[in-house]
Amino acid sequence: MSFSQLEQNIKKKIAVEENIIRGASALKKKTSNVMVIQKCNTNIREARQNLEYLEDSLKKLRLKTAQQSQGENGSEDNERCNSKEYGFLSTKSPNEHIFSRLDLVKYDCPSLAQRIQYMLQQLEFKLQVEKQYQEANTKLTKLYQIDGDQRSSSAAEGGAMESKYRIQMLNKALKKYQAINVDFDQFKHQPNDIMDNQQPKFRRKQLTGVLTIGITAARDVDHIQSPMFARKPESYVTIKIDDTIKARTKPSRNDRWSEDFQIPVEKGNEIEITVYDKVNDSLIPVAIMWLLLSDIAEEIRKKKAGQTNEQQGWVNASNINGGSSLASEEGSTLTSTYSNSAIQSTSAKNVQGENTSTSQISTNSWFVLEPSGQILLTLGFHKSSQIERKQLMGGLHRHGAIINRKEEIFEQHGHHFVQKSFYNIMCCAYCGDFLRYTGFQCQDCKFLCHKKCYTNVVTKCIAKTSTDTDPDEAKLNHRIPHRFLPTSNRGTKWCCHCGYILPWGRHKVRKCSECGIMCHAQCAHLVPDFCGMSMEMANKILKTIQDTKRNQEKKKRTVPSAQLGSSIGTANGSDLSPSKLAERANAPLPPQPRKHDKTPSPQKVGRDSPTKQHDPIIDKRISLQTHGREKLNKFIDENEAYLNFTEGAQQTAEFSSPEKTLDPTSNRRSLGLTDLSIEHSQTWESKDDLMRDELELWKAQREEMELEIKQDSGEIQEDLEVDHIDLETKQKLDWENKNDFREADLTIDSTHTNPFRDMNSETFQIEQDHASKEVLQETVSLAPTSTHASRTTDQQSPQKSQTSTSAKHKKRAAKRRKVSLDNFVLLKVLGKGNFGKVILSKSKNTDRLCAIKVLKKDNIIQNHDIESARAEKKVFLLATKTKHPFLTNLYCSFQTENRIYFAMEFIGGGDLMWHVQNQRLSVRRAKFYAAEVLLALKYFHDNGVIYRDLKLENILLTPEGHIKIADYGLCKDEMWYGNRTSTFCGTPEFMAPEILKEQEYTKAVDWWAFGVLLYQMLLCQSPFSGDDEDEVFNAILTDEPLYPIDMAGEIVQIFQGLLTKDPEKRLGAGPRDADEVMEEPFFRNINFDDILNLRVKPPYIPEIKSPEDTSYFEQEFTSAPPTLTPLPSVLTTSQQEEFRGFSFMPDDLDL
């Protein structure tokens, strides 16, 4: 639609509204009926509101037309002015001012245009759902009538009748909004689907608590009029939560109720309020509206924050007295100190009042009913999940970091499906039905479907390249691409790929001109080329193809397998199935006797025994292995998929699998029988010869390699003991080595051994040596070290090389001292949290103090934090390499079976959270700490590391008065300028808006956290606070930071720059990174070179009584016993291998 056509359309709608006003005014003059006059007044009021909206839309359209005709110069000037105002007076982008859903359903709605768009989508969806309800109830009525169940039939019929009335209401309301809607998609700045699709998860989260709702009165409702009754009918109001009736008012004929309800809610989402008229014995719905519990909770939060700000007298940046003028350093110090003292007195007075008034805060307003009328409601909601926190100065408290763990992945045709929660209505891209709350979504292409449907998806994920496809996989040769064209969406429809509701308008929607499916513009290239065919039909065809291929392969395999199996079974005098023959062919061979054993002993079957007597434990293990083999044979016989997979192995076994025995004539007998069976199947002769030759060669090589490994292992052990071990130690080691070989021979599958149990002191030292080399040089990777001889051929060569390596490095390894937890005395607990514990420890060798951070391996494995642990170690080494003055350095790291340990330098001055909670920081002191933190962040960013967990608890104070950043658990490397990541992590009050929106983000998130940190140091409270995480997140996304009205302009300026919600416009987000922040007027009297070289005297030096003084740490930590709970070893070899190379022992270690 062109601008001229759109302008004509708006003028027509304006004329309609003017006619409604004239007609209602004329009718009102000619009647004395009170009801008619009231209706006319309502029509006039609504028409004037619509008229104002249409005239405003016409002005916007003409302005846009003028801008296009004059060029873009004027718009660029306006944008430049807006960006200047945006940079200092507001931290929000002009496009971010979107009203909440609760604001849009209020009678005094701030934006009628947004309400029209929101209600059009909601009414379309409700209409579709109600039609489904009506259809289902109609079918149920007929079914119950057939069964003769009159009671259930009447209930279903009543439900169908109510759905009929609801559909009439919704259609009427939908036509009302469609009549005045103006489509501005040609020059729209903001997509319509922001209200739903891009809402963070917590915005529509199910809540638990107590809902307080007061229903006072209603007005302008179109009640049912009957000529038989002079009085208005009785009216009720019902309250539903997630389609369940929770409360109902008393009947009223004058639309006044004045009733209050307190409704306990358990994981509720949507509230429905419906007005019913009672006609005879039936209730007929006449008006309806919907609210979300999360919107009510957000409204209560804003109202509570507003009350607190009014009591404090704080304002946003645009109302600061100083404006943009920059005060002198002395003036800013005095002003801020005065403000801080005022804050202290105010916050101390209001802490108790804030707690007591939380449950009493409510919102009262007139809300719009559909299709006509308004209702006066008083709404309040108290969450039962709110955490009672100890209120300290300004409300600052400790909070652990959060991180989104990796979800379980379900793979299907290259898709990586994970289970996701959705709090708006989604549509399955496979079957087309609605999803309620949860579904399976591909991490790569965002394809969405039910859990029950994901196994039926036949289309490849776009992330799967052609080289990843299986050549034998069944394919559907239906390649008819869609013809997607831009189209205007006029109803509520869902994307056929990602399942989200499609926005209204033309820019973001595509429709296939052939088959009619619709999708987002960004999803069009992901939709498979199945034009004219549904997903379900494609799946049926593909399954038929797969079944046909499977049956054909089964027929080919059955005839020859049966013949050959019967011939072999007859020849051996036993009936052996092909699967058992395959099992025998693949079974490991018995070990060969050693060279010094002249005659084979019966006791040596399956092992090398040091004695000639039977060992009852060994016999028991052998019997258990036999029992396991029988279970495996039974499983193989019953598993068709396994038979398909092992078809080649079966054929090999059928021709060349002799009985395993020590009888040297057995092989000849079995070969003779095999030749006999081959004569009965001439068609397979050439293939069978090839298979038999390969198997015999494989057997010979295997026996030779096993014998060689045993000989080499014995010789190497002897060489290692020469000139270093006395006779007694040598005998002890010989006995241990023999036991090791016995255990190795007994264990048929040695995949669950523990490398940490297998290490002797020498191999442990070798591993430490290799680990330190690998970390410092970052060029050599540590090869696994193991003393066991593996029984699989692919592990034999590495074992030999590892043993040789241990012999070569023995002399050097013997000089390196081993460090373990036994080398330390554990003194006090310094802190604990999600990560584990930090314990003050003293070295037994040097009496040096250190802080040991202890992490449990099983927690790291369960939470998929292996990469985080590696990154933490890497950042520790980065800080230690240059001995950075403001970063915590690492002494060493080591591990046990169940834990890993970082031995760090002990910083005895406590963290800044303790100091801020116990003493207010002056501006000079806060600026000094901020400068040192800034230089630490600069070093991280210059080396491609983002920190992501900057907060007061992670900044420690040294005995000299300087700061050091600690806890590198959330750091990520390889984050240079322009690189992005998307992990949802951080401490709630410090998380940047782009993280909460689950967008990809850059190093700019550290500058947002730096702004929050500086705000807390100067004003002793958070710029964005709430009673729980969801409230904090909402505050970060929607609220402006507030300041004392007399705060200095330079302080406000740096806050506004760092706390800008748009990451591209944020201070420090450019290529110059920290240099932008260092050039701010706030730091103009700071010499950063002197700060870096510790030439500036700290403004505060903590009083530390002794090296072991922990008075600056929380007593709840230091009073806990410094012990580690014993843990059972539950990690497998593969899990332990994840921690290989973690240990770090520098050459100059002095512990």
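Just so it is clear, glycine is given a Cβ too, placed from its N, Cα and C backbone atoms.
The region 'Disordered' annotation in Swiss-Prot covers 64-88, 306-331, 546-620, 649-669, 782-816. The domain 'REM-1 2' annotation in Swiss-Prot covers 106-183 and rests on sequence analysis. As annotated by Swiss-Prot, domain 'C2' applies to 190-309, with the evidence given as sequence analysis. Annotation comment: Swiss-Prot describes 414-461, 481-531 as zinc finger. The feature compositional bias 'Polar residues' is assigned by Swiss-Prot to 560-577. Taken from Swiss-Prot, the feature ATP binding site covers Leu830, Gly831, Lys832, Gly833, Asn834, Phe835, Gly836, Lys837, Val838, Lys853. Under the heading active site, proton acceptor, Swiss-Prot lists Asp949, citing sequence analysis as support.
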**Fill in**
Counted with DSSP (H/G/I as helix, E/B as strand, rest coil), the domain 'REM-1 2' (106-183) has 67 helix, 1 strand, 10 coil
**Asked** Does Asp949 (active site, proton acceptor) have same-chain partners at least 6 apart in sequence with Cβ under 8 Å from its own Cβ, and which are they?
**Response** Ala401, Asp967, Gly969, Leu970, Cys971, Cys985, Gly986, Thr987, Phe990, Ala1009
**Asked** Which residues in the same chain, at least 6 apart in sequence, have a Cβ under 8 Å from the Cβ of Val838 (ATP binding site)?
**Response** Val829, Leu830, Gly831, Lys832, Ala851, Ile852, Lys853, Val854
**Request:** Inside 10 Å of the Cβ of Lys832 (ATP binding site), count up the other Cβ atoms and send me the figure.
**Result:** 16
**Message:** List every residue in the same chain as Gly836 (ATP binding site), at least 6 positions away in sequence, whose Cβ is under 8 Å from its Cβ.
**Reply:** Lys853, Val854, Leu855, Lys856, Asn859
**Item:** Secondary structure composition of the zinc finger (414-461) [DSSP: H/G/I, E/B, coil]
**Value:** 3 helix, 18 strand, 27 coil
**Message:** For a quick check of packing: other C-beta atoms within 10 Å of the C-beta of Leu830 (ATP binding site), how many?
**Reply:** 27
**Message:** Considering every residue in the domain 'C2' (190-309), what is the mean pLDDT value?
**Reply:** 84
**Complete:** Across the zinc finger (481-531), DSSP yields 6 helix, 15 strand, 30 coil
